[in-house]
Each structure stands twice: as structure tokens, then as C-alpha cells.
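Enquirer: Okay, handing you the structure first.
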Amino acid sequence: MAKRIASMSSLLLIALLCLSSHLAQAQVLFQGFNWESWKKQGGWYNFLHGHVDDIAATGVTHVWLPPPSHSVAPQGYMPGRLYDLDASKYGTGAELRSLIAAFHSKGIKCVADIVINHRCADYKDSRGIYCIFEGGTPDSRLDWGPDMICSDDTQYSNGRGHRDTGADFGAAPDIDHLNTRVQTELSDWLNWLKSDVGFDGWRLDFAKGYSAAVAKTYVDNTDPSFVVAEIWSNMRYDGNGEPSWNQDGDRQELVNWAQAVGGPASAFDFTTKGELQAAVQGELWRMKDGNGKAPGMIGWLPEKAVTFIDNHDTGSTQNSWPFPSDKVMQGYAYILTHPGVPCIFYDHVFDWNLKQEISTLAAVRSRNEIHPGSKLKILAAEGDVYVAMIDDKVITKIGTRYDVGNLIPSDFHVVAHGNNYCIWEKSGLRVPAGRHHY
């Protein structure tokens, strides 16, 4: 009897380990704000709190929330007093903590938008330059002076800091992340966001502004469960203004960063976004590279790629690099069934009324246990059609072509479809075998 109990206990332990491993892999990120969210009457945190159930129903595992601190710009991307959460235009610190607790009650982890490349000062120094920073506490934490600004940021620096390790940000002082006090106090602040506020991970804003080695320092010092960096890489374009077919240099930058930082660090797959939004306009041949793989970061390092259709910068009211609006669901059909970690944008679920279609695709992903490292086999990539099989369990078709011939095995059945996309899986509603037209 004791042996049977021990055996059953071992089997249960193995099952739990397998389940936890799967849950750790099966990630779907949701961006819980847009560029105008700060304007919401009654506060964005309170508004979003009322939609936690709706967001959970889409099947997401993580929600990305806006920058939490005081900021000169209302959206939060020009931060000043980092510990001052009550000065945020999105709501108070108490409202933020309540929102995070509500997401946690649904099993959803919360990712903070971390803006540390640059920082806005409260006061001028003797030179008349804004470079005296306040941390937002009664003590001296994050109370910095010009010594903490990169020496080559000559508009603000006193010349005593280290040179910048990344790209320049002209609108505010670039912080010297090689300064040991800066590293210590920012790490302490991040750990406070975890232990006191409740955040689980980080989205690193403008991560090109400091080196991967600097990012690694903060990741190692704070042990987040999820990290994704914004590295808006520069795609190559041909003379006609169209994206080049080969974007290896673009995606190599993303791969290099993720590998250098290590641990849980991933990067937004800007390469896939650029290729996909060009491809859905009659150029679906773009979605297979010279080695038969996906052309974006997911073709090389899918486990560290976060795919997306639009965000608060590329879409929303900024609209700086938008996905074709009439083809957004083709984009979601791709990212929600393919390797990588897909990110769903708030606007598309709520403002565009695409919640049901997106939720259906997310359910296909969950039901078939598609994960960041899932196996991708591209069956067709031509101008008007793209067909791919994922983990031998799901087939995705996007494009205008009506007849996909015999590419769909007879034991696959339609489980989702919409404007110029269709999804099949090995279980579900049975349809007649033979040729398929969608």
C-alpha cells in the first residue's frame, strides 16, 4: 500500500511539474493602455479594474501597465520622482495596487513599463540647468545631481559622468547607468515595485538607450519573472520604399540583445511586425526566409521574441507605424498561432470590438499548447496565400486566395475563420475531407 501511495505521489509530482513547465511557456501578453488612456475620467487604473474579467477572458497570462510614476509628460514617458506613484495621471498608488491585486486574483501577472534611460529634474543647478532630481521620498533615495548624467549629454551634464552606453535621448537628461549609485538605487526602486506595489516583470522602454550589459545588471539585481525590451530596430528598405526581403541585420540586433542580457529577457519582434504588415498587402511571400523559416526574430530565437500587431506608439493616436487597419485580424491569426509570445493591444480588443475573434484565436493557442518555442513548418508563402503548420496540431492560412488545394490534411478541421484567414486543428468541429476553400 505504501509503495502504491509513493508511486501515485511521484506521478502527481511529475504531472504538476509538467503543468508548471507548460504554464511557464504558454504566455500571452496584453497591453493594458494606449496613448490617450491618461485622460480617462475617474482614472485609468479604476477603469481598467472594471474590465479585469473581460481581459482575463481573452486568455492572457500577463498584462503590461503604463509607467507608474510622476512624469512631466502625462503618458508617463518623461519620469521624474520615481517613488511618487500618486502623481501619475493614470491614478493613485493605492488604485494601482488594487488593480494589480485584481489581476493576480485571476492568475495574471503584471508588467511595469520601466523608463530609466532618461529622467526629468525638479530643479535647476547653479548653471540654470534642470539637473537636480528628486526621488519622491523624504530621504535621499534617487535624489541625484548632474554627476548622474552621461558626460556626452552636453545639454545637461557637468562632464563628470561616464559616456552614454547607448543611443541619445534629446528631450531629457540621459542617465549614467555606469554610476554605481545609479545602479544601486534604481535596482532598489525596481525591487520596491515588486515587493511593495506587486509588479512581476518589466517592459524596458527605449532599451537602445543603454547597453545590454546595463540591462543585464538590472535584470540580475531584480529577478523579474518576465522582461521584454523595446528595441525599435531599423529595417532595411529598397529604393522603391518597400521593406527589403532580407531583414537579417534587423533581427540580429534583437537576438544579440536578448542573448547578451540572458535570463528571462525577451525583445519585441519589430522585424516580424514590419514584414507582416507589408506581407498582408499581397506580398505574403515575405513570410518565409531563404532557409524556409519565419523572417522575423521568431525565425531565429522564438523563445525570446514578443510578437505584436500595434502598440501605443505604432498605433493608437500616434499612429507612427500602423498595421493596415482592414487586415489586423490576419495579423492576429498569425501571431496567436505562431511561435513567440504574442502581445494583444487594448485598442483592438475594446475600441475595435475584436474581443470575440481575438479570444477565439487565443483559445486555439491555449487548447493546442502552442508556446514560444513551438515547431513551425511553412507549407506555402506566395503573394496571395500563406499556410503554416504549428506543432503538427494547428494550420494557419492567411491571404486572399480562396483555394488552398490539398495543403490541409483530411483530419484537420476548421475552428476559427474571418476575413481572409482560417485556422484548422486536429480536434474540433469536423468538416468534409478533401479540398478546402477559405
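Using N, Cα and C of the backbone, Cβ positions are placed for all residues, glycine too.
For ASP205, the entry in Swiss-Prot reads active site, nucleophile, with the evidence type similarity to another entry. Per Swiss-Prot, the feature active site, proton donor maps to GLU230; the stated evidence is similarity to another entry. As annotated by Swiss-Prot, substrate binding site applies to 70-72, 77-78, 203-208, TRP232, ASN234, GLN252, LYS293, 299-301, HIS312, GLN318, LYS397, 402-404, 414-420, TRP424, with the evidence given as similarity to another entry. The Ca(2+) 1 binding site feature in Swiss-Prot is assigned to ASN117, ASP164, ALA167, ASP174, GLY209. Residues or ranges marked as Ca(2+) 2 binding site in Swiss-Prot: GLU134, THR137, ASP139, ASP143. Annotation source Swiss-Prot lists Ca(2+) 3 binding site at ASP153, ASP168, PHE169, ALA172, ASP174, citing similarity to another entry. Residues or ranges marked as signal peptide by Swiss-Prot on the basis of sequence analysis: 1-26. Swiss-Prot lists ASP313 with the feature site 'Transition state stabilizer', giving similarity to another entry as the kind of evidence.
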Enquirer: Looking at the binding-site residues listed here (ASN117, ASP139, ASP143), whose Cα lies nearest to that of ASN234 (substrate binding site)?
Expert: ASN117
Enquirer: Measure from the Cα of ASP313 (site 'Transition state stabilizer') to the Cα of every one of the recorded positions ASP164, ASP168, GLY209, GLU230, TRP300, then give the nearest.
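Expert: For ASP313 (site 'Transition state stabilizer'), the closest Cα among ASP164, ASP168, GLY209, GLU230, TRP300 is found at GLU230.
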Enquirer: Compare the C-alpha of ASN117 (Ca(2+) 1 binding site) with the C-alpha of each of the binding-site residues HIS70, ASP168, PHE206, GLY418, and give the closest one.
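Expert: Result: the closest of the binding-site residues to ASN117 (Ca(2+) 1 binding site) is PHE206.
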Enquirer: For the binding-site residues listed here (ASP139, ASP164, ASP168), tell me which residue's CB has the most neighbouring CB atoms inside 10 Å.
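Expert: Compared across ASP139, ASP164, ASP168, the most Cβ atoms within 10 Å surround ASP164.
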Enquirer: Compute the C-alpha separation of PHE169 (Ca(2+) 3 binding site) from GLY209 (Ca(2+) 1 binding site), stating it in Å without decimals.
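Expert: Answer for this pair: 7 Å between alpha carbons.
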Enquirer: Given the recorded positions ASP168, ASP205, PHE206, TRP300, LYS397, VAL414, tell me which ones have a C-alpha lying within 10 Å of the C-alpha of ASP174 (Ca(2+) 1 binding site).
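Expert: Near ASP174 (Ca(2+) 1 binding site) by Cα: ASP168.
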Enquirer: Within 10 Å of its Cβ, which one of these recorded positions (GLU134, ASP143, ASP313) has the largest number of other Cβ atoms?
Expert: GLU134
Enquirer: Nearest of the recorded positions to MET78 (substrate binding site) by CA-CA distance, picking from ASP139, ASP153, ASP205?
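Expert: So, spelling it out, the nearest of the recorded positions is ASP205.
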Enquirer: Using DSSP and three states only, what is ASP174 (Ca(2+) 1 binding site)?
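Expert: For ASP174 (Ca(2+) 1 binding site) - judged by DSSP and reduced to three states - the answer is strand.
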Enquirer: Validating a neighbour-count step here. Other CB atoms within 10 A of the CB of LYS397 (substrate binding site): how many?
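Expert: The answer is 24.
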Enquirer: Determine, using Cα-Cα distances only, which of these recorded positions is closest to ASP168 (Ca(2+) 3 binding site): THR137, ASP205, PHE206, GLY209, TRP300.
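Expert: Of the recorded positions THR137, ASP205, PHE206, GLY209, TRP300, GLY209 has its Cα closest to that of ASP168 (Ca(2+) 3 binding site).
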Enquirer: Using the CB centroid of ASN117, ASP164, ALA167, ASP174, GLY209 as the Ca(2+) 1 site centre, which other residues of the same chain sit with their CB within 8 A?
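Expert: Here the non-site neighbours turn out to be HIS118, CYS150, THR165, GLY166, ASP168, PHE169, ILE175, PHE206, LYS208, TYR210.
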